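These features come from Swiss-Prot:
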type	residues	note
BINDING	Asp17, His18, Gly19, Lys20, Ser21, Thr22, Asn134, Lys135, Ile136, Asp137	GTP binding site
DOMAIN	5-187	domain 'tr-type G'
Amino acid sequence: MTDLSHIRNFSIIAHIDHGKSTLADRFIQHCGGLSAREMEAQVLDSMDIERERGITIKAQSVTLSYTSKSGKVYQLNFIDTPGHVDFSYEVSRSLAACEGALLVVDAAQGVEAQSVANCYTALDQGLEVIPVLNKIDLPQAEPERVASEIEDIIGIDATDAVRCSAKSGLGIEDVLEVLIKSVPAPVGDIDAPLQALIIDSWFDNYLGVVSLVRVTQGCLKTKDKIILKSLGKPHVVDMVGVFTPKRKETGILKAGEVGFVVAGIKEILGAPVGDTITHASTSTVPQLPGFKKVKPQVYAGLFPVSSDDYENFRDALGKLTLNDASLFYEPESSEALGFGFRCGFLGMLHMEIIQERLEREYDLDLITTAPTVIYEVEKNDGSVVYVDNPSKLPDLGTIAEMREPIVEANMLMPQAYLGAVITLCIEKRGVQKDMQYLGGQVALKYELPMAEVVLDFFDKLKSVSRGFASLDYNFVRFEAAKLVRLDVLINSEKVDALALIVHRDTAQYKGRSLADKMKELIPRQMFDVAIQAAIGGQVVARTTVKALRKNVIAKCYGGDVSRKKKLLEKQKAGKKRMKQVGRVEIPQEAFLAVLKVDS
C-alpha cells in the first residue's frame, strides 16, 4: 500500500476512564487485527500495572487495515496515549507522529481538565481534532450538554460530534468513516533520503533495543545501514515491521508509516527517544525537531534493601530510562540507608508506578525516602544552587534567600463544589488568578507552591469534589518563601533520609505531627528511644518510645524493699549501657510517614 492518500495516522486524547482503551479495542476488533480468541479487554495496556489500575501509562501503536464504505482500503496507524496528568509528556510524543486526534469525551461526565490540556497540545502541533462522544448508551448520558461544553471550554465545533459507545460497539464505523474523511493524509516523499523519528524505545532481552518510529520521508528496509543523528554510530537493520497489535515483520516502512525497527543495538542508551534515523550514506539529512525534554518535578531517594542488589538496581533503572524518557537518576549515598539513587519523577503517580515496575519486573526490594521538589537557593556570595535533597541544603547561615517552585493549576469542576475546592487551595497557600463560569462548570486558575501540589493535592481535590474536579498544572517560576529544614533526630542522631524542607509557619505543627507519627511506627526497643524534630539547633517537638522492660522483681515475695531497689537499679544501669551501643532499626513505613503528615 504505497499510496500516501490511503494512510491515516491518528491518536486518541481522553481523560482517565473516558473509554479510550476500550475504543481502541473496538477498532482492532472491527478491522480484524486479532482473532476473536486472542481479543481481550484493553489489548494495548500491556503492563500488568496498567490493567490493575485501569490506566494507560505507555504509548502503544497499532497498524490496522480498514475497508471503508466506499470500498477503498485504508491503513490506519493508531497511537494510544495515556490520560493521567503525570504522563502528559507521553501524549506530546505520540501526537508528534500523527496528523489527527480523536478527542473522546464521556457523554455522562463531560469535559475534564486533562483532556483540555492534551487537546491544546494537539492543536498547537497543527493536528485535526475530531470530537467523539462516548458512552451514549448510559442512562445518564447528556450528549447535547457535553457537546456545548466542548465548544465553550475547548472552542472546537462539536455540533456534528460523532456519538458512539465503545463498550457495545455502537457507532464505531461512523467514527472510522469521519476519521478517514477529516484527518489529512501524511505528506512525505518516498524517494527522498530516509528521515524517521523515534517516538519510543524499549529494551527486549532477545532483540536488544526496539524502537517505535514514524517515517517522514524515504523508506526503511531490512539490511539497510542506518545511523542515529545524535550518536552517529552505524547499525544494520535486522527487522522492520508493524504492530497489528502483534509484532508483524513487513521488511519495509515507507514515508508516512509508523512501525518498529530493530537494529541489534545492545547499549541501553543506543536509541534515544526523539532522535532521527537516516541512512549511513545520507548522513547530512537534517535532524527532525525532537520533543521538549521534560524536567522531573518530584525527587526521591530509592535504596535497595540489601546492598547486594545495587548493581541489578542500576541496570534496571537504565532499562527503565530507555522506556521512560522522563525518569532521571543519579547515584546517592545516605548514612542511614547506604548506597542508592536519587530519582526524579513527573509526579506521585509516576513515582509509585516506577517503584512498582522496579519491584515487579526486576524483582527488587526497595526503600523510598519522602519525595521533595527542587528548590532554588541563593547564597550570601550571590551564587545560586538547586537543591533536590533536604540533606544537601547548605548551612542556614550561608543562605541569603530560598525560593520554592510555583505551579499554575487549572481546575475544572461542577459549580456545587467550588467552595470546597477554593478552601482547599487556600489551605495549600494558593493565590487565585482567574475564575470563569462555563455552562454548569467552573474553570479555576490558581498559583500554588509545587511542594503542596505534587504530594497529595490531587487526592484531596478528588475527595472534596467527590471525584468531579479535574486538574492540570505546569511550572511557572521560583518564588522567594520562608523555608526551613526540619530534621528528625532519633536518640540524638540526625537521620538524613527523614529531613524535610517546610514553610516556617507550619514547621512547628509539622514537626510535632511527624514526631508523633514516628512514635507509632518505630517498634519498641529494650531501651527508651527519643524522637525529636529540630529546626537548626532548636528542638520543636519530642516524643519517646518507651522501653520494653522485664518485671525483675516478680521473684521477690515480701522481704526487704532494698532487695527490690537493688534489682531495679541494676536493670536501669543495664538499659543505660544498652542505649549507648544499641541501634534503632527504622522500618520502611517510617520513611514514608512524612507523606502522611496532614498539612
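A Cβ is built for glycine as well, from the same backbone N, Cα and C atoms used for every other residue.
The Cβ of Asn134 (GTP binding site) has 30 other Cβ atoms within 10 Å, all protein chains considered. Mean per-residue pLDDT, taken over the domain 'tr-type G' (5-187), amounts to 72.
Other Cβ atoms within 10 Å of the Cβ of Ile136 (GTP binding site) number 19 in total over all chains. With a 10 A radius on its CB, Ser21 (GTP binding site) counts 25 other CB atoms from all the protein chains.
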